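Engineer: Input: one structure, supplied below.
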Amino acid sequence: MRTPLMAGNWKMHKTSAEARELAQAVRERIAPASDREVLLCPPFTAIPAVAEVLSGSPIRLGAQNMHWEPKGAFTGEVSGEMLRDLGCEYVIVGHSERRHIFGEQDEILHRKVKAAFRAGLRPIFCVGEMLEERDAGKEREVVERQLRNGLAGLTEQETKVLVVAYEPVWAIGTGRTATPDVAQTMHEHVRTVLADIWSGPIADGIRIQYGGSVKPDNVASLMAEPDIDGALVGGASLDAESFGRIVMFPSS
Ligand code: PEP
């Protein structure tokens, strides 16, 4: 049984004061539930404020990115160790905005995944095809390459805390959600690749989140699919009411 992970990626939104207010509103709306795990990923600067608000609650804290070295001359970067120090448990690695706006490629993302484990963080490793790649019928190939390159050489122990997020780039921030069918087909493909890299039982234990315009009115149908184990939510996580409704989706 995989516990769904419902995560909010706040991207580059919210000052510390605004983040505190949003985290508080989320905390008030979300009833503790053992059948789902909730995670907030604020921008780096708001992590301490959100950590304070979430203290004593079951809601987890994560970051949106990290550097692959623990410390050093890397102006403007933040390490996994620094994130752990602030109370983060998770870190998003390879979000499509990091891949496509900041040019992060498989090799760099692989280093970040390994560094996250080293720092004691659980990476949420994002994969997903662009619209042109889907139109060219290459979505399976693209996602397989991202998985094999990004996750090469993980130990069995590391696979136990790994989370994968399938986020088709054409669905992120566009209001165009993948249908449950399309998402399930890709999630099944992701799980098959993971089984090929490790084994069926290991792949069965790895949570695969869906991300791409998840909203209160489409979350339940997505979560009803057998290989969808949670959601990575961008825009709708900036509103406590919407995010609360997404997190508390009725489970079948
Ligand atoms: C995301 O940022 O990971 C995302 C899925 O964004 P949105 O929900 O806004 O599409």
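Every residue gets a Cβ built from N, Cα and C, even glycine.
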Engineer: From the candidates Ser34, Ser199, Ser213, give the one listed by TrEMBL for the same substrate site as Asn9, Trp10, Lys11, Gly173, Gly234, Gly235.
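Structural biologist: Given Asn9, Trp10, Lys11, Gly173, Gly234, Gly235 bind substrate in TrEMBL, the matching entry from Ser34, Ser199, Ser213 is Ser213.
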Engineer: So around the substrate site, Asn9, Trp10, Lys11, Gly173, Ser213, Gly234, Gly235 aside, which residues have their CB within 8 A of the centroid of those CB atoms?
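Structural biologist: Filtered neighbour residues, in order: Ile172, Val233, Ala236, Ser237, Leu238.
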Engineer: What's the CA to CA span in angstrom from Gly173 (substrate binding site) over to Glu167 (active site, proton acceptor)?
Structural biologist: 11
Engineer: Could you give the Cα-Cα distance between Lys11 (substrate binding site) and His95 (active site, electrophile), in whole Å?
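Structural biologist: Here the two Cα atoms lie 10 Å apart.
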Engineer: Please give me the CB contact count at 10 A for Gly234 (substrate binding site), counting all chains in the structure.
Structural biologist: 22
Engineer: Would you mind sorting out which binding-site residues among Trp10, Gly173, Gly234, Gly235 put a C-beta under 6 angstroms from ligand 1?
Structural biologist: Gly173, Gly234, Gly235
